[in-house]
Structure formats: structure tokens, C-alpha cells
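**Student:** Please read through the structure below; I'll follow up with questions.
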Amino acid sequence: MKLCIALDLEHQEQNLKLLENLHNFPNLWVKVGLRSYIRDGKNFLNLIKQINPEFKIFLDLKLYDIPNTMIDSALECAKLNVDMITIHTSSGRIAMSALMQSLKSLQKRPLVFGVTALTSFDNSTFEEIYHTSIDTQATLLAKIAYESNLDGIVCSAYESLSIKQHTHKDFLTLTPGIRPFAEDADDQKRVATIQQAYENQSDFIVVGRPIYKSANPILTVKKIYEEIEKCKS
Ligand code: C5P
């Protein structure tokens with residue numbers, strides 16, 4: 001299970017400073033989401049690589065559009081040399097399959113993860129929109145994403161294991177909403193601990209505010225690494 005840090009701070013300098021202090025942690029993934037990418041763009045990705053070329057970059061733009069626009073946008077993301085991107089699974093089978101087909105022709109392509117139900121939904125707010133439970137919908141969307149050749153799924157830790165059981169054990173899951181040490185849930189509803197994510201076979205955990213809002217982010221990351229090791233033993 002790998003840690004992915006969400007770089008959602010208010011200023012580019014704050015994100016870079018955080019990373020400079022973390023450059024010694026092995027196998028660290030860094031997530032550039034909408035806020036940072038809209039503000040700081042491609043140059044931010046280059047600056048991250050300058051701090052440590054080994055950092056893996058996850059560009060979390062959650063593409064959701066008609067197939068043609070999604071394909072073109074995914075190809076543009078691939079040109080940025082990032083290691084992982086996200087799309088919405090509710091974009092459907094045709095968009096997802098075509099997008100994966102067009103990325104296949106590249107020498108190097110990012111992993112593509114499909115968002116199912118955002119971790120900020122609880123069952124009642126989800127049902128208001130989709131008229132079904134999170135579990136049912138996430139499983140259905142995951143199956144379509146698997147059949148469309150995506151690499152994995154974004155879901156909460158609570159759906160991770162069940163999604164693997166309904167698709168394939170090697171179909172990757174990435175779980176945001178992790179609160180390692182009982183921190184505030186903030187706007188997240190389906191929050192989980194590292195242990196819960198591990199037990200549900202999550203491949204990547206995403207942690208943002210519990211790290212960058214903590215009094216000592218380096219120590220928090222160190223403790224997260226220790227907690228992951230503890231789960232493995
Ligand atoms: O601060 P926190 O740990 O809640 O950050 C979670 C990060 O994961 C945010 O950057 C958010 O955009 C992202 N994310 C999420 N739920 C998803 C997909 C992405 O929380 N389903």
C-alpha cells in the first residue's frame with residue numbers, strides 16, 4: 001500500500017516546501033488536483049520533479065465529458081509525463097474504452113483510475129442523486145471500468161475489497177478520505193484509518209489535510225509510513 005499526498009495548499013510555495021521536506025521518503029506519490037493545477041499548471045509538475053525525480057505524480061483532474069473530449073484530454077495529460085490520472089466512471093463504457101484504446105498506442109502512458117462515488121458522499125446524499133446505494137453503484141461502475149480496461153478505481157476504503165471481489169484482485173484501488181490518527185473528517189464522509197484501508201486491500205491511500213494541516217507534517221508522514229509497516233507485520 002502506497003501513500004499519496006494531496007498537494008492542495010493555498011500557494012505553490014507551500015506545496016513545494018512541504019515536498020522539499022519529504023524528498024527522502026521512498027515510493028512517495030504526490031497528487032496534483034484541481035486547485036493546484038488550475039493555479040500553477042505544467043510548471044508545477046516540473047518543479048515537483050526538480051525536487052525529486054523519483055516522485056510519482058498523480059494528476060487528479062477527474063475528467064468527465066463526451067468521449068472525444070475525454071480522449072483528447074487524456075492524451076494531453078499523457079504528454080505531461082504524469083504517472084496517474086483520473087476520469088469519472090460515469091462517463092460510461094464507450095468513453096472509457098476509447099480513452100484506454102488511444103492511450104495504448106503511447107510508449108509510456110499514465111495509469112488511469114476511475115472515480116466511482118466521491119468519499120464526501122454518505123448514503124443519504126448519494127441516494128438523493130443516484131437513487132441507489134453507494135455500494136451498488138460503486139460496484140456497477142467498477143465492473144464497467146474493469147471491462148473497459150482501466151487500471152483501477154477511486155473509492156472509499158469501505159468499497160475497496162468488494163470491488164476487487166467483483167472484478168479482479170489485481171484491479172487497483174485508490175482510497176481517499178483517510179484519517180490516519182482520528183483527525184477531523186472535514187468535508188469527507190466515508191473516512192477510514194490506514195488499518196481499515198489495508199484490511200480492504202487498498203493499493204494507494206490519499207492523505208491531504210491530515211498531513212499538511214498537522215503541526216509537524218514530516219513527523220505525520222513518518223508515522224503514516226510506520227503505521228503502514230505495522231499493518232504489514
Ligand atoms: O484533505 P483530504 O485528505 O480529505 O484530501 C483528499 C484528497 O483526495 C483531495 O485532494 C480530494 O480532491 C481527493 N479526492 C477525494 N475523493 C475522491 C477523489 C479524490 O477526496 N473520490
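Positions of Cβ are set from backbone N, Cα and C atoms, glycine also.
In case it's useful when we look at the structure, here is the feature table from TrEMBL:
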ACT_SITE  ASP60  active site, for OMPdecase activity
ACT_SITE  LYS62  active site, proton donor
ACT_SITE  LYS62  active site, for OMPdecase activity
ACT_SITE  ASP65  active site, for OMPdecase activity
BINDING   ASP8, LYS31, 60-69, THR119, ARG179, GLN188, 208-209  substrate binding site
DOMAIN    2-224  domain 'Orotidine 5'-phosphate decarboxylase'
**Student:** Output: those binding-site residues from ASP8, PRO67, GLY208 whose CB lies less than 6 Å from an atom of ligand 1, in sequence order; none if no residue fits.
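**Tutor:** The qualifying binding-site residues are ASP8, GLY208.
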**Student:** Helix, strand or coil: which one is ASP60 (active site, for OMPdecase activity) in, per DSSP?
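**Tutor:** The three-state answer is strand.
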**Student:** Which of ASP8, ASP60, ASP65 (the recorded positions) has the most other Cβ atoms within 10 Å?
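**Tutor:** The residue with the most neighbouring Cβ atoms within 10 Å is ASP60.
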**Student:** Which chain-mates of THR119 (substrate binding site) that are at least 6 residues away have a CB under 8 A from its CB, listed by sequence?
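**Tutor:** The list for THR119 (substrate binding site) reads CYS155, SER156, THR175, PRO176, GLY177, GLN188, LYS189, ARG190, VAL191, given in order along the sequence.
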**Student:** Using a 10 Å radius around each Cβ and counting other Cβ atoms from all shown chains, which of the binding-site residues PRO67, GLY208 yields the largest count?
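**Tutor:** By the 10 Å Cβ neighbour count, GLY208 comes out on top.
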